[in-house]
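Pulled from Swiss-Prot, these are the features on record:
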- GLU156: active site (ACT_SITE)
- GLU165: active site (ACT_SITE)
- HIS58, ARG67, GLY91, GLU113, GLU142: S-adenosyl-L-methionine binding site (BINDING)
- 19-35: compositional bias 'Low complexity' (COMPBIAS)
- 45-379: domain 'SAM-dependent MTase PRMT-type' (DOMAIN)
- 1-35: region 'Disordered' (REGION)
Amino acid sequence: MLPSHLNGHSPLARRRPRLSAASPPATGDSDAAAAAADAPLAEHDRIYFQSYSHIGIHEAMIKDRVRTDAYRSAIMHHQKFIEGKVVMDVGCGTGILSVFCARAGAKCVYAVEASEMATQAREIVKANNLDDKVVVVHGRVEDVEVEDKVDVIISEWMGYMLLYESMLPSVLFARDKWLKPGGLILPSHATLFMAPITNSERYEGSVDFWSDVYGINMSALVPLAKKFTSEEPSIEIIGGENVLSWPFVVKHIDCYTFKAEELKSITTKYKVSSMMLAPIHGFGLWFEVEFNGPSNPTDKSPSDLNPLDVIRTKRRRGSEDPVVLSTAPEDEPTHWHQTILYFPDPIEVKQDQIIEGSVKVSQSEENPRFLNIQLDCTM
C-alpha cells in the first residue's frame, strides 16, 4: 500500500479561486450582492479566494492556449443555444469567459466571482462595452440570491488531477438552484484517468543525484530524498513515452446528474498490463473534459468502455463533434500538467506484466478543498 496526500503545502496550492454571486441587469439587486460579498467565510475558503486575487494565477490560465481556445471553441460550437439566453459563469475570474459568451450573443451573463478579482472583472466588462449584458457580482455562488433561472452554466472549475480545489460542488449548487430543465452546462462531462509511469530521468535527478555531488558522497540524503519525492504528489509534465499501460478511468463525471456527495470518497479498482520492460516509478493522473449537451441515457460513459476505444474515438473527432479539452501526456501540455504519485523506489516490470490494485481519492476532513490519495499496488 502506497499512501499519498494532496495538501496545501505542496505545489498544488497554485491553482485558482472561484464561486460567487450575481444579479441580472433586470433586477439591480445591490442589497443581495452586498449580502453575498459580506457573507462569512470559512478560513480555508478565505485563503483560497485570496490566492486568486493575484494576477499571476489568471495570467497562467489565460496564456494556456489549449485551455482558453477550448472554452472559446466550445462557446462558438454552442452559439445557437447561447444566443439570446441567460448565462451564469461560476467563478468568472477576469471575466474572459463571460465576455466570450456575451460576444456569442448571450442576452445576459451573470459573472460570479468570490475573489477580489471581481473588481477588475467589472472594469474589463466596461472597457469592452458589455456592461449592459454582463453583470459581475462579488460573492460566493452559494450566498447569492438570483430570481431568474439560467439557460447556460459555464465554469472553468477543474483543478490539478481534476478534483483538487473542490470547486465542482459550487457548479453543481448553481445547477440545482438556477439551471432551467434542458439547460446547457459547459463543460458537460469530465473523466479522471490514471496509469503507471516510468521516469528514470526525474528519479535520477531527484534521488540518485545525491550519491555523488561534485565528488562528495552525499548518499546520506538519499533516504530523505526518497521520502520527500514520494510523500506528496508532483505536478509536472510527462510525455506519452512515460506511460507504461493503457490508462484506466478513476472517475467519470456527468455534470448534468452528478451529486456533490459523491466527491467525498472515490474508490476504483484497476488491472492493467505493462506495455514494455521498464522500471515503474509511480502513477500519473490526468483528465479530459467534454463540452457536450445533456447526456443520452443510452450513451456509455468512459468507465464502461475500453480505454483504447476512448482514445481512438477522441482522435477521430470531426468538426461536428463536441469540443474536448485534454491534459493527457500525449497531448499538448497545459498549465495543469500531470499529477504524479512517485514510489520511494522504482520496481522493474516485464512486458505484459499485470499491475493491479485500487486507488482511493477522498476529501480531507480538515479542508475539503484538499485531497487524500491512497494507492494500493501489486505486481
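Glycine is treated like the rest: Cβ placed from N, Cα and C.
Here the features listed in Swiss-Prot are painted onto the structure.
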| residue | record | Cβ within 10 Å |
| --- | --- | --- |
| HIS58 | S-adenosyl-L-methionine binding site | 20 |
| ARG67 | S-adenosyl-L-methionine binding site | 20 |
| GLY91 | S-adenosyl-L-methionine binding site | 29 |
| GLU113 | S-adenosyl-L-methionine binding site | 33 |
| GLU142 | S-adenosyl-L-methionine binding site | 17 |
| GLU156 | active site | 24 |
| GLU165 | active site | 23 |
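Annotation note: GLU113 (S-adenosyl-L-methionine binding site) sits in a strand segment as assigned by DSSP. Cα-Cα distance from GLU113 (S-adenosyl-L-methionine binding site) to GLU156 (active site): 12 Å (rounded to the nearest whole number).
Separating the Cα atoms of GLU165 (active site) and GLY91 (S-adenosyl-L-methionine binding site) is a whole-number distance of 12 Å. For the domain 'SAM-dependent MTase PRMT-type' (45-379), the model gives a mean pLDDT of 91. Take HIS58, ARG67, GLY91, GLU113, GLU142, the residues named in the record as contacts for S-adenosyl-L-methionine: the widest Cα to Cα gap among them comes to 26 Å. Listed in sequence order, the binding-site residues near GLU156 (active site) (C-alpha within 10 Å of its C-alpha) are ARG67, GLY91, out of HIS58, ARG67, GLY91, GLU142.
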